[in-house]
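Quick notes on the structure that follows.
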Amino acid sequence: MPEPMSSVSFPPSFLWGAATSAYQIEGAVREGGRTPSIWDTFSHTPGRTAGGEHGDIAVDHYHRYREDVALMAELGLGAYRFSISWSRVQPTGRGPAVQVGLDFYRRLVDELLAHGIKPAVTLYHWDLPQELEDAGGWPERDTAYRFAEYAQIVGEALGDRVEQWITLNEPWCSAFLGYGSGVHAPGRTEPAGTLRAAHHLNLAHGLGASALRSVMPARNTVALSLNSATVRPVSQDPADLAAARKIDDLANGVFHGPILHGAYPETLFAATELVTDWSYVQDGDLAAINQPLDALGLNYYTPALVSAAETEVTGPRADGHGASEHTPWPGADDVAFHQTPGDRTAMGWTIDPTGLHELIMRYTREAPGLPLYITENGAAYDDKPDPDGRVHDPERIAYLHGHLAEVRRAIADGADVRGYYLWSLMDNFEWAYGYEKRFGAVYVDYSTLTRTPKSSAYWYGKAARTGALPESDEVF
Ligand code: FCB
């Protein structure tokens, strides 16, 4: 059970950060030689995003980064996780780097460092240069080599000033939502292509990690961020347990198997044998993927509840990954997803902080000795300014409190969690949902692009400054 709202303190070295990603905040999509990424193309394709919304301007962070860094500093944040737009630094996804693009990130990092905020760079948060998609995208092996080259370029440019590196953000979404259900860019719906994409993303991670290490100072750390699911069966019935096993393989094992252990789970091969023969896994790939990691990033929002398709379960079915007539789960037609009971956020995602504790403890067992970071956690609510212009979001404070308390409980239980990045610093382009879903601790008025910290930003800022969760009766 989540702890009651009370003061909970963290180790002094615990890192308190916030996270964003390039396409969701930067805008300036045609500046400095940047070319379209798959998300530019997808969001400009009619019917793909809510209201046809796109990231052309987003929250204009490209021009307002100084203001945004100042805001983080005022709040007292210790770290900032952001991603690099591949199309900004290597517009066609191959060839020489564009210095104007790299200069933007150099300036951003210098601004962060000048304010005492630790930068954490994610190289790939879903925005593949369109030219690489035109050449086949992630189902194509060459994309992994292109990523390694790009990683080297960015590592060379920023490795002297950024210590924390993340190769990929949530490769599950890139592969399974981008090439399976098609609710994310590039919007393809190919069951076999989904698993090919997953393998090539794994390869990209491994080759990218090696490329980074070949050009960066040894003190820098290399990690990746997984949206590893906490998968729960509706019952202990063998059919429901088998359903949970299958989804666990397709959500988690497909990535952590090769990355942490150097092998895909045998049960994954069995579950997907009608979809693919995995012949694209070449000799040497598993060794290339199984690079030592310095840390693992976990992104957590809500648990998954599954059963065998024939199990009768009352209540709505939902897997929380958006509506599509195509499943993101190849080979799992015999599995049903159910709405976990409990209160939900504006995304319809059930609030269950215990799932975060479960996830942390799972990876504490899965990868003993590997430092963990929560690289994303947060909630969308229908935030609106009061007449006095302030934005009160007590639900988000409760969400953050509940989840951070579970992180603290995991640390007490022996987990090595080094930091937490709130998703997100500010409201932004929430992919296929457009601007309607507000995840920010900072409110953005989309007509003026004015930033207003919500009460959760002040709450979180106090937690960051004091290293303890504020008392529940404190007003922000
Ligand atoms: C994660 C993404 C992030 C944001 C949050 C809500 O899956 O990494 O960009 O969309 O979900």
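For all residues, glycine too, the Cβ spot is worked out from N, Cα and C.
Here's what TrEMBL has on this protein:
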- Glu170: active site, proton donor (ACT_SITE)
- Glu376: active site, nucleophile (ACT_SITE)
- Gln24, His125, Asn169, Tyr301, Trp423, Glu430, Trp431: substrate binding site (BINDING)
Residues close to substrate site centre defined by Gln24, His125, Asn169, Tyr301, Trp423, Glu430, Trp431, Cβ within 8 Å: Ser21, Glu170, Glu376, Ser424, Phe439
Pairwise Cα distance for Glu170 (active site, proton donor)/Trp431 (substrate binding site) [Å, integer]: 14
Three-state secondary structure, which DSSP defines for His125 (substrate binding site): coil
Nonlocal residues around Asn169 (substrate binding site), in sequence order (Cβ under 8 Å, 6 or more apart): Ser21, Ser83, Thr122, Tyr124, His125, Trp126, Leu224, Ser225, Asn299, Thr375
DSSP state at Trp431 (substrate binding site), helix/strand/coil: helix
Subset of binding-site residues (Gln24, Tyr301, Glu430, Trp431) lying within 10 A of the residue listed as 'active site, nucleophile', CA to CA, in sequence order: Tyr301
Cβ-based isolation winner (fewest other Cβ atoms within 10 Å) among the recorded positions Glu170, Glu376, Glu430: Glu430
Neighbourhood of Gln24 (substrate binding site) by C-beta distance under 8 A, where only residues 6 or more apart in the same chain count: Gly55, Ala58, His125, Ser424, Asn428, Phe429, Glu430, Trp431
Per DSSP, three-state class assigned to Tyr301 (substrate binding site): coil
CB contacts for His125 (substrate binding site) [other CB atoms within 10 A, all chains]: 25
Conformational class of Asn169 (substrate binding site) under the three-state DSSP mapping: strand
Under 8 Å by Cβ from Tyr301 (substrate binding site), same chain, sequence gap 6 or more: Asn227, Met347, Trp349, Glu376, Asn377, Gly378, Ala379
Those residues of the chain, 6+ apart, with a Cβ under 8 Å from that of Trp423 (substrate binding site): Ala18, Ala19, Asn299, Glu376, Asn377, Gly378, Phe439
CB contacts for Trp431 (substrate binding site) [other CB atoms within 10 A, all chains]: 25
